[in-house]
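Below is one structure, written out as structure tokens, with a few remarks after it.
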Amino acid sequence: GDRHSPLLFPGSNHDHLFIVLGEGAWPAPHRRQRGCPAAMSTAATAAAAAASPSPSRLLQAAGTCHSHQRRQRGCSPAGTPGSPGTVQGHGQMGSTMEPPGGGYLHLGAVTSPVGTARVLQLAFGCTTFSLVAHRGGFAGVQGTFCMAAWGFCFALSGLVVACEFTRLHSCLYLSWGNFTAAFAMLATLLSATAAVIYPLYFTRLECPPEPAGCVARDFRLAASVFAALLFLAYAAEVALTRARPGQVASYMATVSGLLKIVQAFVACIIFGALVYDSRYGRYVATQWCVAVYSLCFLATVAVVVLSVTGHTGGLGCPFDRLVVVYTFLAVLLYLSAAVIWPVFCFDPKYGEPGRPPDCPRGSCSWDSQLVVATFTYVNLLLYVADLAYSQRIRFVPPL
């Protein structure tokens, strides 16, 4: 509504946004630089330039250029490959835009800073789970989680590099920038968790008894080192692709979008503790807390899915307003859970203020309740930070 506030709306790529400052429509040189032909500067752009610079008129002018750009990409709207001379890069942060008639393979997918980070992710991930599977060994739920996390991250990283290198991501029905940003953040959290769990449960300085012996200890130490390097590689990609003011970016690359992934991850930790004998069904109040965790988790996942699939424009109302309203409600809901859960779990009237002495370590309901309470406050702070950052961006879904 404010004519002096920055607008975010689609540019030459259907899954990217850029910031436009000022009061007029695009100047003609800028249209030519973005790939919009001179023919596009007729009725729609002239009307937008002559009238008041409202967001709807600017979006109408941008949409005309945007529809022409989509016809020039490497795939037709139906998803079939285009002519050989029209294959272009996708313009993701960290990769370069190739002119028409360029090669089919995109070397920038492995030579750019982001591409180098992804190649290191493949190398460190393959090395880590190979060391564990060969001689390091794993057991129990903790070891299974670590192997599953490393395998999942390696498989999707290989898919991302292959699609970037061959330009096949332009044929997918995904918002590629949102997908890669969301996956990088999720892989960072998974690899960080595995890098802590595996050394904590399996790595010791002393040699285990035979037949494993000192060889298994050495393999586990090496796997722990490469697991830490894997986490650093994913964290580097998040740092390189994170949206900055005035820079082309996808919504999931913004601070608000990255916080959505962290919120969902923390909610999964809460659910794990709830399932592990937390006795949440004793009171209606604690059941309300579980409902709060579930509702906020589902809404957060819905925002991520809509962004990744590129369907934020079909909601019937502005996506940025929906996100802000939902985040505000999530703050209120988590605030209620942050008050109710500790009262009904640790107050002497309803629960145990301290850990019972006869409670076995590793299978104690009081420990699960403490984990839920701790991560409830963590997620509350994340939603508050998300609400604060959401006020600083304006997101307009693709046309």
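Just so you know, glycine gets a Cβ as well, placed from its N, Cα and C.
Note that the structure is predicted; figures quoted are calculated from it, not measured.
The feature domain 'MARVEL' is assigned by TrEMBL to 109-246 (among others).
Residues or ranges marked as domain 'MARVEL' in TrEMBL: 251-395 (among others).
Marked as region 'Disordered' by TrEMBL: 70-95.
The transmembrane segment annotation in TrEMBL covers 147-166 (among others).
If you look at the transmembrane segment (178-201), the same-chain residues 6 or more away from its ends with a CB under 8 A from one of its CBs are 15, 92, 121, 132, 138, 140, 142-143, 145-146, 149-150, 152-153, 156-157, 160, 220, 223-224, 227-228, 230-231, 234-235, 237-238, 241, 250-253, 257-258, 261-262, 265, 304, 307-308, 310. As annotated by TrEMBL, transmembrane segment applies to 178-201 (among others).
Positions annotated as transmembrane segment by TrEMBL: 221-240 (among others). With a cut-off of 8 Å between Cβ atoms, the residues of this chain six or more beyond the transmembrane segment (221-240) that come close are 93-94, 113-114, 117-118, 120-121, 124-125, 127-128, 131-132, 136, 146, 150, 153, 181, 184-185, 187-188, 191-192, 194-195, 198-199, 203, 258.
Residues 93, 177-179, 181-182, 185-186, 189, 238, 241-243, 290, 293, 296-297, 300-301, 303-304, 307-308, 323, 368-369, 371-372, 375-376, 378-379, 382-383, 385-386, 389-390, 393 of the same chain sit 6 or more residues outside the transmembrane segment (252-276) yet have a Cβ under 8 Å from a Cβ within it. According to TrEMBL, the feature transmembrane segment maps to 252-276 (among others).
Taken from TrEMBL, the feature transmembrane segment covers 288-310 (among others).
Residues or ranges marked as transmembrane segment by TrEMBL: 322-344 (among others).
According to TrEMBL, the transmembrane segment annotation covers 370-389 (among others). Sequence-distant contacts of the transmembrane segment (370-389) (same chain, six or more residues past either end, CB-CB distance under 8 Å): 254-256, 259-260, 262-263, 266-267, 269-270, 273-274, 278, 280, 289, 293, 296, 324, 327-328, 330-331, 334-335, 337-338, 341-342, 345-346.
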Restricted to the domain 'MARVEL' (251-395), the mean pLDDT of the model is 89
